[in-house]
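Colleague: Quick one: the structure is below, and I'll ask about it shortly.
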Amino acid sequence: MFPNAMNLFLAGIVLPQIHPMEIHAIRKKIEEYRSEGKRLFTTSSFQTHSIPMLHILSEIDNSIPVYFINTGYLFPETVSFRDEVADRLKLKIVDLKPNTPKYMQRESNGKLLFTTDPDHCCYLNKTQPMESVLASHDVWINGVRGDQSAVRKAMKVEQPAPFDSIRFHPMLDWDNRKIFAYIKEHDLPKHALDAQGYISIGCEPCTRKMDLDMQEREARWFGLNKVECGLHTDLVK
Ligand code: SF4
């Protein structure tokens, strides 16, 4: 089996404890939003490390809609994992598709946009569909973590977002070790591609397997000087 991060962490390293107060603080914040009449939603890319937040939310309020940004370029294993997790945690999944059909996402030479202009491809397939979701809700519960990239490290737990909405980042201070400790403690399912050496899994054309000397986000848009798709740079204030 590929020595991915989870296997390394689980191979004898003492995993951190998750203090019940941390979960209690998330519950309290969600109850506070609810009491203010705010409309909540979350999103998930359905990777292994996405599952702790979904598990926590499912125990607090599994009526919160979980938007799944289905770009049309995802690995089939991700779509299967979404179904498995949704079934296990009894989640309310909403499939979010791009507004622009793929035949209109081509350069004049016929090439699909991800080959030449990944920023615009990410905008059409990820950011633009999210804009209407954000406009119709008040709070986006988002599982970004500070240890994933410099952009995310600079974020705040609660942060203003476009359309007068708020982003709530309950996992911001969690790190990989804590995520895997939670997965182990609750015996949560794992994405099928983990065992093949993938650690950050997005669209198939823009994801590669992890080398041991790579940072998590370097497994995406390899060689393109791009580590974010726009969801955490354009849809934030
Ligand atoms: S990750 Fe790649 S394929 Fe997916 S939307 Fe962005 S550029 Fe397009």
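Just so you know, glycine gets a Cβ as well, placed from its N, Cα and C.
TrEMBL: automatically predicted annotations, no manual curation.
Got these off TrEMBL a minute ago, pasting:
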ACT_SITE  CYS229  active site, nucleophile
BINDING   CYS121, CYS122, CYS203, CYS206  [4Fe-4S] cluster binding site
DOMAIN    40-209  domain 'Phosphoadenosine phosphosulphate reductase'
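Can you tell me where each of these features sits in the structure?
Modeller: Residues near CYS229 (active site, nucleophile) in space but far in sequence (CB under 8 A, at least 6 apart, same chain), listed by position: CYS122, LYS126, THR127, GLY202.
Residues within less than 8 Å, Cβ to Cβ, of CYS206 ([4Fe-4S] cluster binding site) and separated from it by at least 6 positions along the same chain comprise TYR73, PHE114, PRO118, ARG220, TRP221.
When averaged over the domain 'Phosphoadenosine phosphosulphate reductase' (40-209), pLDDT in the model lands at 95.
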Colleague: If I restrict to non-local contacts, at least six residues apart, and a C-beta distance under 8 angstroms, what lies near CYS203 ([4Fe-4S] cluster binding site) in its own chain?
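Modeller: Set apart from CYS203 ([4Fe-4S] cluster binding site) by at least 6 residues yet with Cβ under 8 Å, we have THR71, TYR73, LEU74, PHE114, ASN125.
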Colleague: Other residues with Cβ within 8 Å of the Cβ centroid of CYS121, CYS122, CYS203, CYS206 at the [4Fe-4S] cluster site?
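Modeller: In sequence order, the nearby non-listed residues are THR71, TYR73, PHE114, PRO118, ASN125, LYS126, GLY202, PRO205, TRP221, CYS229.
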Colleague: Tell me the Cβ contacts of CYS121 ([4Fe-4S] cluster binding site) under 8 Å, same chain only and six or more apart in sequence, or just say none.
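Modeller: Sequence-distant Cβ neighbours: GLN105, LEU112, LEU113, PHE114.
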Colleague: According to DSSP, does CYS203 ([4Fe-4S] cluster binding site) fall in a helix, a strand, or coil?
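Modeller: Its secondary structure by DSSP: strand.
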